[in-house]
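Q: Take this structure first; my questions come after.
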């Protein structure tokens, strides 16, 4: 098993070839990427040879740009397409020859909006930049060789890690505990990171699961450090195939097999204890009996006391949405000195005499919930974590992870630090965003869960401006930026971030609340050193900052912390930080830094898109609109945010275009634009140039053609059903109504093992009917009917040769729409979609039936479009089937 940070002396001759993980390992995909990227800065080339920056400090990452042989044609193609779009719109305005002026104006506005949205999308991708961290130099500078991750002399900054979850059933507790274990065992100095686990359901299952995780971590973390295994989430590690494991990188190869067998047994016992919690806790509580005062059965802890959170039988102050704040330190701060384990013995089969067995700090948080308060979902939970962590560890950097995400690359924290500590833009970098990667997605990624185009193309384009947007998880923040501070480059020469935070207002309670210990910690948040507060001395203050009323009348959720009152709190929070002038960095590592789970059921995926798109439009029409940002926001960054928030508006025009084939079902000729041949030529040229641009884009982005096709297909699926619903939601909000309810994405019930993966793939074939599916079904039906009717009319001889050619061009549009909706069609087929050829058989049969019906009905409703041969045939056939001709 090979670790991305196998040792502090690991060289990095070519960071791009190493894919940024600091090991020098690179496969065929790495070499392909290297082929299209070159160093962007001569200073960085010199730094890679041993020289530092202007002040002598090492440059901790290298910057690469796309080779000119690929980038210049890409820009020229986009410029040419822009010219074609302008000429097309001018031509349409000069030729207002149409059979319907209403539809003509609708399509003109649609074409104009398509051109604008395409321009907004492409403008932010004209200067893609890839930044690759250099872990070897980071370790030499801040974590010198010696004791490795257990060295008390490490100068790496402290990091606070936030994990959020709500329900141990909807979000499987085993998955969540694997995330915790991956953090406790990550390759970062043990005393320099702490984990804050937020349980928004106040469940004792989560608290006791943390206790079990801490117990198992005492075996798991030393095993990972001793043998340097990857990944460090046990479920994923034990489920990995032997051929996927790299060369052994630990210090005791002879002991590896026996140690792995021992840890595997311990892990199976750990899983059994987790599963038993759902039985043990109710049995324990029922054995104590109901509470006479409250008339309900309390949840009892192992020590016989009442659990202050949610009870088995909900009672006042002990139910979901109504309970007191809970802050419990599960693992105390380990201190600064390494603590070596015991040698192998009969009680302890593993030899840990040369391994630091300490564990990082672990804290359980269940914020107070009260009726009548808007608890602001995930954003509110993370703001509570921000305050609680400030009182305990107050790390200058914060990483947030969803409960279903785990650390897949143990060097992820170090990779992010390369950007935060670099002498060039480090002090002005507010956050480092990692791409989202997922386990157990179906092999063809039918519903574009991986979203490769955004993470591997758009994010690299944003990297060349002011930085990528925040996407909700897998992100390292600078705490001062979350507090609302200005970046150093926008401060006066004699100012500093800590000075600004300490003197930003005569009454800091107006911004940050009335906890003086918390307010005193704020200016210290910019420092890389901060003693950990003993929990016993601040128990009351910890509970106080986790209460509902603490934020009343403050800047929390607006100018401080994560933003409130919007479904896409992640994008808005990142935008608020960018608007103040901060930068962000994009960091993609190999292997992936973090991995999680994604919805692979069609309906769940569509509801996820609805939440994202509805929240994006809410942002566009709010005071956080990118159109209203100040001068600190880079102009192209403003363009990018405008595209990210306004894209659902295109759905209205796309939906109209997709329904236009309804006109072909009539017997008369109809043209939206004349001359139709010129109109079709412009459309073909514009679409062809867009596709060529896409081909160049996926080349430098290093994504596959299938990834790109899936992105195009699922955009059309969203545009036909989800985005119109998002537009309706925003219109309702604009007129003062509540809007559409957003359904939270369901999490998988299993993960990791091969059998579990096979079980989860079954979700792809489950059909969950919902109103959100209806518009796309209508679009498919209309386009299939149009093709069938066109075939029928052609068979009946109702078109001349020029008309037939024009119809063939129209049918190409229908076929294109149906091809883009292909994943949706498979999704609603359920288990029949395991045999995709059945979909094509069904399509052919349906087209034949529609064509036959059209041919049969055309002589009745539009006989002038039927050839004499078919009229005579139908006349003879009609005489045969006429009741007057029947004989008894």
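Along the chain as shown, the residues are counted starting at 1.
Cβ atoms are placed via backbone N, Cα and C, with glycine included.
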Q: Among the residue ranges 45-63, 102-120, 121-139, I'd like the one that TrEMBL describes as transmembrane segment.
A: 102-120
Q: According to TrEMBL, transmembrane segment applies to one of these ranges: 715-735, 736-756. Which one is it?
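A: The range carrying the transmembrane segment annotation in TrEMBL is 715-735.
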Q: If I go by TrEMBL, the feature transmembrane segment sits on one of 69-90, 157-178. Which?
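A: That would be 69-90, per the transmembrane segment entry in TrEMBL.
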Q: Out of 603-628, 837-862, which range is noted as transmembrane segment by TrEMBL?
A: 837-862
Q: Short question: most Cβ pairs under 8 Å with the transmembrane segment (715-735), which of 69-90, 102-120, 679-703, 769-792, 837-862?
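A: Per the Cβ under 8 Å count, 769-792.
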Q: Find the one among the recorded positions 200, 402, 570 whose C-alpha lies closest to that of residue 377 (UDP-alpha-D-glucose binding site).
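A: So, spelling it out, the nearest of the recorded positions is 200.
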Q: Among the binding-site residues 377, 378, which residue has the largest number of other Cβ atoms within 10 Å of its own Cβ?
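A: Of the binding-site residues 377, 378, the highest Cβ count within 10 Å belongs to 378.
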Q: Report, in whole Å, the straight Cα-to-Cα distance of residue 402 (Mn(2+) binding site) from residue 171 (UDP-alpha-D-glucose binding site).
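A: Rounded to the nearest whole number, the Cα-Cα distance is 10 Å.
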Q: Going along the chain, which residues at least six beyond the ends of the transmembrane segment (679-703) come within the CB cut-off of under 8 Å?
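A: Long-range Cβ neighbours of the transmembrane segment (679-703): 29, 32-33, 36-37, 66, 70-71, 73-74, 77-78, 80-81, 84-85, 87-88, 91-92, 118, 122, 125, 128, 452-453, 456-457, 460, 672-673, 712, 806, 809.
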Q: Determine, using Cα-Cα distances only, which of these recorded positions is closest to residue 570 (active site): 200, 378, 402.
A: 378
Q: At its widest, how many Å does the recorded UDP-alpha-D-glucose site span between Cα atoms of 171, 200, 377?
A: 15
Q: Between residue 200 (active site) and residue 402 (Mn(2+) binding site), how far is it from one CA atom to the other, in Å?
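A: That separation, Cα to Cα, works out to 13 Å.
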